[in-house]
Amino acid sequence: MSEKSIRYIVYVLKTGLFILPALSLIVAGSFFFPFITGKNFFFRIMVEILFFLWIFVACFDKNYRPRKSPILIALAATLFFLTLATIFGANPYRSFWSNFERMEGLVCHIHLFLYFLILASTLRTKKDWNWFFVDLLGFSFILTVYGFLQFFSVLSVHQGDIRLDATLGNATYYAIFMIFSLFLIGFFLAKTKNKWLRLGLGILFVLDALLVFMTATRGAILGLFGGAAIFAILMLVFNFKKSKKIRYAALGALAALAFAAVLFLLLKNTAFVQNNYVLSRMAGISFSERTVESRFTIWKMAFNGFLERPFLGWGPENYNLVFNKYFEPKLWKQEPWFDRTHNIIFDWLISSGALGFLAYWSVWGAAMFITIKGYKKKQFSAAETSLVIGLFGAYFFHNLFVFDNLTSYFLFFSILGYLHFKYTEMSGAILERAPVAEKPAEEIKLSSYLIITAAFLAVVFSLYFINLKPILANRQLLAALGQIQTKGMDVDFMLKEFDKVFTYNTFGTIEAREQLGSYAEQLLTAEAIPADSKNKALSKAIEEMEKQIVRLPDDARAYLFLATLYTKAGRLNEAIKTVSKAIELSPKKQQIQFVLADIYLTSEQYDEAFASLKTAYELDPTYHEAAKNLMLAAVLTNQLEYADELYQKGKEIHGGFFDKLTKSPRFVSAYYKIGNFQKIKEIWEYLIREQPNNAQLYVSLAATYLQLGERQNAIKELEKAIELEPKFKEQGEYFINEIRAGRNP
């Protein structure tokens, strides 16, 4: 291989690396989870192609082979333990593939490691890295403009509220991207002397800092303040005796940060703060605040999960199993299913145990070691050193409350690649590029071509099985869901559309099965669809969900889906058996007890329903839904004193809201079953007070009075209904005449 050919391939490699940051801009509208899947598939495909080119170059030119560094060793160890955790974890399939919503798993971490190898081995000069960071900053600038266009309502916010999210689809993801952008701006500010460039960078710095604020991401905002404080403290330490100007500037920055914090605490209850969405979110931070309180509960659950599997954890993407098994009943206020701990420490303890956790944090330790070493060897200025450590501090604090995604990983690994380069530069591992030595043809044939061929086959395999097939399945799933509005009544057509997804046999099948189940449930309420078509869809959904619990044998959610479908199909014994398995997997989750009780109610097994709902209620009596459901079961089992007791307790805890829950048509049906028309009368009277212009309520109350034998009161209510609704006059007068004649209409 000639030197000219290698230079050409290296040029292509560098171009590819410079294109990769464009992943932050990708929104694949024709993909399911467009903000996640498009970015990830782009990244994976690009990395695989670049990996082959890099292997090709490295085989013929040792200058492009990876150099040893503490970061490389730590990353390799992390990937090794993640692989073991995947193999020996609770669900290797899910750990390896993840799902469309997250697109992480071992597959993502393998690609990130390959990206690091390619980046660290290809960008071998300061000029390369400067241009790479300029490139990153360029894409970041596009996101800055996008964010302000959202702020001024030129472009819509994808989350549906005022929290800016740019092309990342999530304010949290956007916030951490901007924090990394602030580091890059600081990196160039520390290097450049051009006053106009410094002015432009300074303006951009202020704009990006404002964008972090406007995402209203509390962890990121606190992380930014913390990172800024670390930067100022380090600048003070490094320059205490060297520069009075910098020393005073650092002290001033620390004083400003402290003043801002104190001022905010003093003003947090004022109208100015409470009427500002971002400031009010910050002011709401407390140990008793719902989100914060739930985080501590979730972390406690995660710690219990870690204790069960301390060495290699549960495997990536398996926190949902821990969440179900150690579910705390007081989490009913939160969303029912969590797949992340929202904390970087517990995420790693769960995904890879203590071994993976230590390996991952050794990456951070290696990064800090190289940064400090660089400062001591004058490879990093005081400002650069403070920036790197400040960035890591901000990133760490941010991840104490959320979790990583591809874009944050990508930026993190890019910084790691740069630190690896600085280490190899300091240790003399990067030398001036030596000419490519000519090798004997036999040696090339036996070694290089063999490796290149293996790499080529591996990349082709990966492009097809890891990318192309999932992409096709993803697009087909979205196409199928898009057809529901227009062709949803054509059951045969829709089932064929879902079958196309299943034919690809990818990890997308898991999501497709749930979507098919939802579609089949929707059909049951559609009057225009024949019963045999409904049954056909329901049978297909059940068939697929039965396969689902084989693929996900420890996932309570999958059993719950299947049990619901069994219930709709009238297969109640199978439904009960399936829900019972879900309860084994998540014994303290009230929602599962509710499903079991619904099955019992469907089969009119009221005593069994009562027992199930009492179990749910006793897990946390403050849960209004559990109290309401148990009260309903108490009525159906004719335990009226207990029902009244539950009602009084519910009123004490929830006030008038509990009236709205229990004064409902469902309770009317329950009291009707036991013939308690006095209670039914009270419900209609309550509803009339709430909706005094609803004529139908007066008619219902009149019917109840008839059952109670209060015929004159029934006539009065019918007269009120006629007064409210003139169209009811003819029918209403007929009812009145019938009542006066001694008949019940």
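Just so it is clear, glycine is given a Cβ too, placed from its N, Cα and C backbone atoms.
Because the structure is a prediction, the values reported are computed rather than measured.
Lifted from TrEMBL, the feature list:
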- 204-360: domain 'O-antigen ligase-related' (DOMAIN)
- 556-589: repeat 'TPR' (REPEAT)
- 590-623: repeat 'TPR' (REPEAT)
- 695-728: repeat 'TPR' (REPEAT)
- 12-35: transmembrane segment (TRANSMEM)
- 72-91: transmembrane segment (TRANSMEM)
- 103-120: transmembrane segment (TRANSMEM)
- 132-151: transmembrane segment (TRANSMEM)
- 171-189: transmembrane segment (TRANSMEM)
- 196-214: transmembrane segment (TRANSMEM)
- 220-240: transmembrane segment (TRANSMEM)
- 247-267: transmembrane segment (TRANSMEM)
- 348-370: transmembrane segment (TRANSMEM)
- 382-401: transmembrane segment (TRANSMEM)
- 407-425: transmembrane segment (TRANSMEM)
- 446-466: transmembrane segment (TRANSMEM)
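Only residues 6 or more beyond the boundaries of the transmembrane segment (382-401), in the same chain, are considered here, and those with a CB under 8 A from a CB of the stretch are 175-176, 179-180, 183, 186-187, 189-190, 217-220, 222-224, 226-228, 230-231, 234-235, 238-239, 242, 246, 295, 342-345, 364, 367-368, 371-372, 374-375, 408, 412, 415, 419.
Among residues of the same chain six or more beyond the transmembrane segment (220-240), those with a C-beta under 8 A of the stretch's C-beta atoms are 172, 175-176, 178-179, 182, 186, 209, 212-213, 246-247, 249-251, 253-254, 257, 260-261, 278, 282, 375, 382-383, 385-387, 389-391, 393-398.
Taken together, the residues of the repeat 'TPR' (556-589) have an average pLDDT of 97. Across the range of the repeat 'TPR' (556-589), the DSSP-based residue counts are 27 helix, 0 strand, 7 coil. Two recorded stretches are said to be in contact when at least 3 C-beta pairs lie under 8 angstroms, sequence spacing 6 or more; the transmembrane segment (12-35) and the transmembrane segment (446-466) fall short of this definition.
Within the same chain, residues 24, 133-134, 136-137, 140, 143-144, 147, 159, 163-165, 197-198, 201-202, 204-205, 208-209, 211-212, 215-217, 219-221, 223-224, 227, 231, 383-384, 387-388, 390-391, 394-395, 398, 402, 405, 407-408, 411-412, 415 sit at least 6 positions outside the transmembrane segment (171-189) and bring their C-beta atoms closer than 8 Å to a C-beta of that stretch. Below 8 angstroms of C-beta separation, residues 329-330, 332, 336, 556, 560, 563-564, 567, 572, 575-576, 579-580, 582-583, 629-630, 632-634, 636-637, 639, 646, 649, 653 of the same chain, each at least six residues beyond the ends of the repeat 'TPR' (590-623), sit close to that stretch. Note on the transmembrane segment (446-466): residues 44-45, 48-49, 51-52, 55-56, 59-60, 107, 439 of its chain, located 6 or more positions outside it, place their CB under 8 angstroms from a CB of the stretch. The helix, strand and coil residue counts that DSSP assigns across the repeat 'TPR' (590-623) are 27 helix, 0 strand, 7 coil.
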